[in-house]
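Here's the structure we're looking at; comments come further down.
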Amino acid sequence: MKSIRLIIISGLSGSGKSVALHTLEDQGWYCIDNLPIGLLSAFARHVNDTCPAGGGRYAVGIDARNRPEDLDRIPAILDELQALGLNSEVLFLFASRETLITRFSETRRRHPLSDGDAALADAIAREEALLAPLRARADLTLDTSNTNVHQLRDLVRERIEHDPGRLSLLFQSFGYKHGIPPDADYVFDARCLPNPHWEPRLRPLTGLDAPVQHYLEAQPEVAELTGQIEALIATWLPAFRKAARSYVTVAIGCTGGQHRSVYLAEQLAGRFATGMDAISVRHRELNR
């Protein structure tokens, strides 16, 4: 049986779609950018009919410049791909409006949906509405608001470059003062734990540093919360696999995203690393 993997990459302009597509191309994927939605089914059938016996990996970029009626057909087209027996997935990238406006201002590029005197914010809002059907069917969404080009490349490789039979499990730390990650499946609050920030010698360090780790290891409630989160995730991962979910993102937050959440994310990733899943860790605020 052929092992064919087809990923549809879409998202808001300025969020990193081209970076994601080029990253997969560098990894040996056959990539097509800006494919009209009306040709997606025909391309999938062609791949299914002509792909070598050993299978292949294909990525297709789709954006909002398609006709609105074609974008509305996305759910039906994705169902058709599943009926063909293809291992198809949708990756959707997005960023906050403020971030997108800043990126377009810095690059001085024109938004693809800008027409005449329309404000950039209006073009972004229109694009969000047009791509809503595709985002609703996404297997994986990535918020790139706080991610640079190099970090996005690493993130795409970590989340996509794995055996399709394995679940990609990401543990992400964050700071509540900077907002909850909108792409998380689970969110856990670690602000109830003792805060190393109030120890002057630990304040400039992070949860990756041994002194902070030793401080948190000595707190019984830290071990208790870590164990409870581990038990909950371990209990429900089989249900995600049964539902054919390929990606799960677990976010752990503290006030600033420097100490407690970083430590817990590392601890949880280590506890699940010996299993069958593809494990990755990301510390959002440490990348700022």
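Quick reminder: no glycine exception, Cβ is built from N, Cα and C everywhere.
In three-state terms derived from DSSP, Ser18 (ATP binding site) belongs to a helical segment. Of all the Cβ atoms in the protein chains shown, 16 others lie within 10 Å of the Cβ of Ser18 (ATP binding site). The feature ATP binding site is assigned by Swiss-Prot to Gly11, Leu12, Ser13, Gly14, Ser15, Gly16, Lys17, Ser18, with sequence analysis given as support.
Look at Swiss-Prot and you will find Asp63, Ala64, Arg65, Asn66 tagged as GTP binding site, backed by sequence analysis. Same-chain residues at least 6 positions away in sequence with a Cβ under 8 Å from that of Asp63 (GTP binding site) are, in sequence order, Ser10, Ser13, Lys17, Asn34, Pro112. Secondary structure at Asp63 (GTP binding site), taken from DSSP and collapsed to helix, strand or coil, is coil.
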Binding-site residues listed as Ser13, Ser15, Asn66, least Cβ neighbours within 10 Å: Asn66
Inter-residue Cα distance where the pair is Leu12 (ATP binding site) and Ala64 (GTP binding site), in Å: 8
Non-site residues, in chain order, whose CB comes within 8 A of the mean position of the CB atoms of Gly11, Leu12, Ser13, Gly14, Ser15, Gly16, Lys17, Ser18 at ATP: Leu93, Phe94, Ala95, Thr144
Candidate binding-site residues Leu12, Gly14, Gly16, Ser18, pick with smallest Cα gap to Asn66 (GTP binding site): Leu12
Integer Å distance between the CA atoms belonging to Gly14 (ATP binding site) and Arg65 (GTP binding site): 14
